[in-house]
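Taken from TrEMBL, the feature signal peptide applies to 1-29. Annotation comment: TrEMBL describes Cys30-Cys102, Cys32-Cys131, Cys42-Cys156, Cys158-Cys205, Cys163-Cys168, Cys176-Cys197 as disulfide bond. According to TrEMBL, the feature domain 'NTR' maps to 30-156. Here TrEMBL flags Cys30 as Zn(2+) binding site.
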Amino acid sequence: MPRSLRTAPSWALLLRLLALLRPPGMSEACSCAPAHPQQHVCHSALAIRAKISSEKVVPASADPTDTQKMIRYEIKQIKMFKGFEKVKDVQYIYTPFDSSLCGVKLEANSQKQYLLTGQILSDGKVFIHLCNYIEPWENLSFLQRESLNHHYHLNCGCQITTCYTVPCTISAPNECLWTDWLLERKLYGYQAQHYICMKHVDGTCSWYQGRLPLRKEFVDIIQP
């Protein structure tokens with residue numbers, strides 16, 4: 001499964017990459033590889049909780065021959081879960097205007113809050129698209145909200161494999177099988193909402209459910 005780019009030199013490059021991700025013959029569709037919420041957080045440069053204050057259509061670049069447009073959302077950042085080392089406070093986020101390039105439509109001037117994951121460009125701008133994990137905050141389970149603070153980050157060494165058909169088997173000791181699509185025919189089902197792929201001290205990974213304390217053995221995994 002391809003990982004999201006953490007940084008990129010320009011909007012134009014990201015727009016070209018998103019265009020290349022579209023399947024042949026689907027010029028008006030956005031297509032993304034499925035990923036568990038834990039993978040989204042691990043592979044993103046930024047994860048924040050925010051409200052959308054306003055939106056504005058802006059040029060994608062300073063090049064007058066570039067006809068691409070972006071939507072610039074002004075946001076009110078409520079909490080940052082990831083990205084501290086690159087940005088301190090996010091005021092604007094950017095997304096493609098064209099829905100076929102995976103542009104994200106968010107509700108502005110409302111009380112709705114979002115979990116936003118995305119990339120940080122080389123100029124410090126935050127870029128999001130539909131292949132990121134973007135969810136209304138109210139839709140997240142208690143475990144998901146809690147895991148944004150600690151457990152997703154601590155277990156990025158685990159691999160999560162999406163099961164589409166049977167048989168679906170583990171190929172590595174640090175792997176967890178994600179079966180929401182196989183069992184429920186939807187991506188963000190019960191397993192995505194209520195389970196974490198947790199790494200043990202012996203390097204193996206397995207699913208854990210429910211409220212999880214920040215146990216010392218899990219902290220030790222990421223400390224030198």
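A Cβ is built for glycine as well, from the same backbone N, Cα and C atoms used for every other residue.
Nobody curates TrEMBL annotations by hand; they come from automatic prediction.
This view paints the features noted in TrEMBL onto the structure.
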| residue | record | Cβ contacts under 8 Å, 6 or more apart |
| --- | --- | --- |
| Cys156 | disulfide bond | Gln38, Cys42 |
| Cys158 | disulfide bond | Gln38, Asn174, Glu175, Cys176, Cys197, Met198, Lys199, Cys205 |
| Cys163 | disulfide bond | Leu177, Trp178, Thr179, Trp181, Leu182 |
| Cys168 | disulfide bond | Thr161, Leu177, Thr179, Leu182 |
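Cys32 (disulfide bond): 15 other CB atoms within 10 A of its CB, across all protein chains. Mean pLDDT of the predicted structure over the domain 'NTR' (30-156): 94.
Reported as a whole number, the C-alpha separation between Cys102 (disulfide bond) and Cys131 (disulfide bond) equals 7 Å.
Residue counts of the domain 'NTR' (30-156) by helix, strand and coil are 25 helix, 46 strand, 56 coil (DSSP-based). Just so you know, of the disulfide-bonded residues Cys30, Cys102, Cys176, the Cβ with the fewest other Cβ atoms around it within 10 Å is the one at Cys30.
The distance from the Cα of Cys30 (disulfide bond) to the Cα of Cys131 (disulfide bond) comes to 9 Å. Most Cβ neighbours within 10 Å among the disulfide-bonded residues Cys42, Cys131, Cys197, Cys205: this distinction goes to Cys197.
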